[in-house]
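**Student:** One structure is given below, represented as structure tokens, and several questions about it will come after.
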Amino acid sequence: MAAATMALSSSTFAGKVVKLSPSSSEITGNGKATMRKTATKAKPVSSGSPWYGPDRVKYLGPFSGEAPSYLTGEFPGDYGWDTAGLSADPETFAKNRELEVIHCRWAMLGALGCVFPELFARNGVKFGEAVWLKAGSQIFSEGGLDYLGNPSLVHAQSILAIWACQVLLMGAVEGYRVAGGPLGVVVDPLYPGGSFDPLGLAEDPEAFAELKVKETKNGRLAMFSMFGFFIQAIVTGKGPLENLADHLVDPVNNNAWSYATNFVPRK
């Protein structure tokens, strides 16, 4: 890493040294230095991977055509599709890539949170309210909201208190991520590793590169799932498992097309 940094800090042109980046003394100034490290570029994956490089899997397979020149297959989830040109600018691409990964992770957690309470309730586990779109409103009931139906865990009775806790907790987590940890030493805020990888899944570079692709693919699917859950909540007012059960009982009358053509906003 040190050798790479030195190589990037200077170069030669016509026999003269040309400085490409400031020295450490120029950065520190009056003795003040930042511990934050910038994220490195994605390490190249072996040419045998079907998910990276110019010969990677494309969005339409053999009918995809030529991918844009700026989509080189360097990052996970790059299928060579960017009709709107959203990734043409490198800075915009880096920002959108970070936003996508973060939203993928939240969507995967959200999808689990929408499905599993309803699944547990259908199998005898008691919840105050298992349907995700109705669970939050329990805080306005007379007894308040008990987490996991247990008043000894968290007994919430104030929406303002819950909001304040959410702001503090989420702000702390997001601040930790953006700042690169308490000392700013995290190299890549998207894949920090260390204590965030207790199982050591990132130790093998090849396996880690494939896990990044799986995360992106499952995250995109989860975002579409959450969008579907939102639409279902607006149209039917039911949870995803109840909607699935209704569809399996009567698929002709309980499907997206029948609801779209006969939709009347619920009162």
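Every residue, even glycine, has its Cβ placed from backbone N, Cα and C.
According to Swiss-Prot, the record shows the following:
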BINDING   TYR59  chlorophyll b 1 binding site
BINDING   TRP81, SER87, GLU100, ARG220  chlorophyll a 1 binding site
BINDING   HIS103  chlorophyll a 2 binding site
BINDING   ARG105, VAL154, LEU183  chlorophyll b 2 binding site
BINDING   GLN138, LEU148, GLU215  chlorophyll a 3 binding site
BINDING   SER158, GLU174  chlorophyll b 3 binding site
BINDING   GLN166, ARG177  chlorophyll b 4 binding site
BINDING   GLN166, PHE263  chlorophyll b 5 binding site
BINDING   LYS214, GLN232  chlorophyll a 5 binding site
BINDING   ASN218  chlorophyll a 4 binding site
BINDING   HIS247, ALA256  chlorophyll a 6 binding site
MOD_RES   ARG36  N2-acetylarginine
MOD_RES   THR38  phosphothreonine
REGION    28-47  region 'Disordered'
TRANSIT   1-35  transit peptide
TRANSMEM  101-121  transmembrane segment
TRANSMEM  153-173  transmembrane segment
TRANSMEM  182-202  transmembrane segment
TRANSMEM  221-241  transmembrane segment
**Student:** Can you grab the distance from LYS214 (chlorophyll a 5 binding site) over to GLU174 (chlorophyll b 3 binding site)? Cα atoms, rounded to a whole Å.
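**Tutor:** LYS214 (chlorophyll a 5 binding site) to GLU174 (chlorophyll b 3 binding site), Cα-Cα distance: 23 Å.
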**Student:** Pairwise over TRP81, SER87, GLU100, ARG220, annotated as binding chlorophyll a 1, what's the top Cα to Cα distance to the nearest Å?
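**Tutor:** 17 Å is the greatest Cα spacing among the residues binding chlorophyll a 1.
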**Student:** Ranking 153-173, 182-202, 221-241 by Cβ pairs under 8 Å to the transmembrane segment (101-121), which is first?
**Tutor:** 221-241
**Student:** Rounded to a whole angstrom, what is the C-alpha distance between ALA256 (chlorophyll a 6 binding site) and TYR59 (chlorophyll b 1 binding site)?
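**Tutor:** A Cα-Cα distance of 26 Å.
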**Student:** Any idea what the Cα distance is from VAL154 (chlorophyll b 2 binding site) over to HIS247 (chlorophyll a 6 binding site), rounded to a whole Å?
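**Tutor:** About 36 Å separates the two Cα atoms.
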**Student:** Please name which of the binding-site residues listed here, GLU100, GLU215, ASN218, GLN232, is nearest in space to SER158 (chlorophyll b 3 binding site), Cα against Cα.
**Tutor:** GLN232
**Student:** Taking just the CA atoms, what is the gap between GLN166 (chlorophyll b 4 binding site) and ASN218 (chlorophyll a 4 binding site) in Å?
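**Tutor:** Given the Cα positions, GLN166 (chlorophyll b 4 binding site) is 26 Å from ASN218 (chlorophyll a 4 binding site).
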**Student:** Can you name the residues of this chain that are 6 or more positions from ARG177 (chlorophyll b 4 binding site) yet have a C-beta less than 8 Å from its C-beta?
**Tutor:** PRO189, PRO192
**Student:** Tell me, which binding-site residues from TRP81, GLN138, GLU215, ARG220, GLN232, PHE263 are within 10 Å of HIS103 (chlorophyll a 2 binding site) if we use the C-alpha atoms?
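**Tutor:** Of everything listed, what lies within 10 Å of HIS103 (chlorophyll a 2 binding site) (Cα to Cα) is ARG220.
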**Student:** When DSSP is mapped onto helix/strand/coil, what comes out for GLN138 (chlorophyll a 3 binding site)?
**Tutor:** helix
**Student:** Of TRP81, GLU174, ASN218, ARG220, PHE263, which is closest to GLN232 (chlorophyll a 5 binding site) if I measure between C-alpha atoms? They're all binding-site residues.
**Tutor:** PHE263
**Student:** What subset of the binding-site residues SER87, ARG105, HIS247, PHE263 lies within 10 angstroms of ASN218 (chlorophyll a 4 binding site) at the C-alpha level?
**Tutor:** ARG105
**Student:** Please list, in sequence order, every residue of the chain apart from TRP81, SER87, GLU100, ARG220 whose Cβ lies within 8 Å of the Cβ centroid of the chlorophyll a 1 site.
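**Tutor:** Once TRP81, SER87, GLU100, ARG220 are set aside, the remaining close residues are GLY77, ASP78, TYR79, ASP82, LEU86, ASN96, ARG97.
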